[in-house]
Amino acid sequence: MAAPRDRVTFREVFGIAEFRALWFGELLSIAGDQLARVALSILVFTVTGSATLTGLTYALTFAPSLLGGIFLTGLADRFSRRTVMVVVDLARAGLILLVAIPSLPFWAVCVLVAGVSLLNPPFKAAQLALLPQILEGDRFVVGMGVRSMTVQSAQLLGFAGGGALLLALDPHVALVVDAATFLLSAGFVRFGVRARPPAANAEKRKPFFAMIGTGSRVAFANPALRALVLFTWLMGLLPVYEGIAAPYVSSAGGGPELVGLLLAADPVGSVIGTFVFTRWVSAEARPKLIGPLSALCAVPMLAGFAQPNPWVSIILFVLSGAFGSVALLQATASLTLAVPDENRAQTMGLSNTGLTTMLGISPLIGGVLTDLVGAQTTVGIFGVAGLILTLPLALAWHRSMNADRDARVDDEAPRAEHA
């Protein structure tokens, strides 16, 4: 079976030099980040002997990004996006090198790690806002798909390979390796991506705090944008099975060795689903499928009420991950293209902050429910909630697409009369 010739291929996307530079830089930094998280966990536990402090340090690699997503992503609209990415990469490299200093006080490690996490959102927002300028038309969605598959694969390899690599490397050396990946990423962006002026020129540029409010107003300006933002947040809420993997496997009758396989199910499904979606589904059909795909993400989770065994559960979660990842991919792509370029980074930063928040809230709610009704039933409850929440969003998105199509027809009719 061959892909239709009129569809954008992965080779075509990788044929664009600027995309290759962004992609390879991101691949390096993701792999380095995953290695650093494993190294930090080992380093802190070795020094303190405290599981609580180890967990706190790991949480600091994520939590401050919520503040960065709200307050710093707008910098990628006010300044050159290439410059923002390079400066952030250099700053993260410097902070990680400081963390690698032996015998550093624990409080200093926490502050430095939090600083790195705080800087992640403006980098991602700048990158996401820049991509539509590098990849035009359908190339953008295919390029987003390539990034999604890369992120999932790099995270899997980073965690799996990180543990093996740290058998040979001192954790301090691993942190230096992570800093080197940021420096390499900065080099790829600086010399592989051409300079562009800031999206918000001097006339359009607003005061810093006014800019923060603009992002939220743009994101919720109309029913279509609201639906897209809420779709992305919903996809962060649904994969509750990742946060309760250990009790789920235990209640399903599996051993500890299956926990890793269950955690890998969602990323594996994401890679498969994204490949199929970007390769075989037409550009015209993709936006129409956001609602159905979101619902299909929730459907396999309903099997939790039947108390499936671990192996059946893993297959179901692969399916859920496949549908959820492509729904998130298309919702993010549609939202990115729908917002004005001068507000794009701030708006996408808000969307990603909400997604990150949902990824944190989901296991928290899931853990409470698991203590009350069991892990498998909890997954089933989240499946029901996902279907209920998807329905109004799907209807709003469907209506907005129909309204947009009718508006285009109305605009074309007068031109046809005068042709």
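Cβ coordinates are placed from backbone N, Cα and C, and glycine is handled just like the others.
According to TrEMBL, the feature transmembrane segment maps to 21-44 (among others). Long-range contacts of the transmembrane segment (21-44) within the same chain, counting only residues at least 6 positions beyond its ends with a Cβ under 8 Å from a Cβ of the stretch, are 14, 50, 53-54, 57-58, 61, 89, 96, 99, 106, 109, 113, 127, 130-131, 134, 146-147, 150-151, 154-155, 157-159, 161-163, 165-166, 169, 171-172, 174-175, 177-182, 184-189, 191-193.
According to TrEMBL, the transmembrane segment annotation covers 56-75 (among others). Tertiary neighbourhood of the transmembrane segment (56-75): same-chain residues 33, 36-37, 40-41, 44, 84, 109-110, 113-122, 125-126, 208, 211-212, 214-215, 345-346, 348-350, 352-353, 356-357, 360, selected by CB-CB distance under 8 Å and a gap of 6+ residues from either end.
Listed by sequence, the residues of this chain that lie at least six past the ends of the transmembrane segment (95-119) yet keep a Cβ under 8 A from its Cβ atoms are 36, 40, 44, 47-48, 53, 56-57, 60-65, 67-68, 72, 88, 172-173, 175-176, 178-179, 182. According to TrEMBL, the transmembrane segment annotation covers 95-119 (among others).
The transmembrane segment annotation in TrEMBL covers 173-193 (among others).
What TrEMBL lists as transmembrane segment is 214-238 (among others).
Tertiary neighbourhood of the transmembrane segment (258-277): same-chain residues 145, 148-149, 152-153, 155-156, 239, 241-242, 245-246, 248-249, 286, 310, 313-315, 317-326, 329-330, selected by CB-CB distance under 8 Å and a gap of 6+ residues from either end. The transmembrane segment annotation in TrEMBL covers 258-277 (among others).
Feature annotation from TrEMBL assigns transmembrane segment to 289-306 (among others).
Residues 128-129, 131-132, 140-141, 144-145, 148, 152, 219, 224-225, 228-229, 231-232, 235, 238-239, 241, 248, 252, 258, 261-262, 265-270, 272-274, 276-278, 286-287, 289-290, 293-294, 296-301, 303-304, 344, 347-348, 351, 355, 376 of the same chain lie 6 or more positions beyond the ends of the transmembrane segment (312-338) yet place their CB under 8 Å from a CB of it. Taken from TrEMBL, the feature transmembrane segment covers 312-338 (among others).
Here TrEMBL flags 350-369 (among others) as transmembrane segment. Same-chain residues lying 6 or more positions outside the transmembrane segment (350-369) and placing a CB less than 8 Å from one of its CB atoms are 62-63, 65-66, 69-70, 73, 121, 124-125, 128, 215-216, 219, 229, 232-244, 328, 332, 335, 377-378, 381-382.
Marked as transmembrane segment by TrEMBL: 375-397 (among others).
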